[in-house]
């Protein structure tokens, strides 16, 4: 196959129009609003996921932080469903786009930082200068800590993008190797196919773990600022 290795990560275009927005909205269709009071299996799964996510992320938060629970749960479900849909063959994974992840991380980071400066002004400013810093190092460390603060959303986005992209690239390479070996040595092809199957299972786990890690980082920064 002569397909470009990075072709799966290119933004899909239909009639000359990028359809990234449509793809991003697609996961919301997996969690439709119930139109009746009687519970069914879909609603039961939604409630279970909501309770589990809330329990894992919100236990350490103060009452002010608890008000962010729905946003954090929605964030986790969105990233997880987007990552899992990207595992389908010939599909596009929006979370492999650094621009999207940065655009998602910056508002969340800005919200937590703004909340911190509004509720804990002195403590937020104190984070810019480690305790016990020598006087002659104060200007330098303040600049370094400020830069570190502004780099945080980029670090979140790069972590998510790199992990999802690396997994998809590795699966693509092993899949191409398996197809090539089928005409050369069936035993070797079977071994690489087994590795591909195990890697696919691992990538499903990574898709969920990365969604959890991204949401957990937002939750931890929120905890420090509320």
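Note that Cβ sites are derived from N, Cα and C of the backbone, with glycine treated the same way.
Range annotated as transmembrane segment by Swiss-Prot, chosen from 47-67, 68-88: 68-88.
Per Swiss-Prot, the stretch carrying the note transmembrane segment among 168-188, 189-209 is 189-209.
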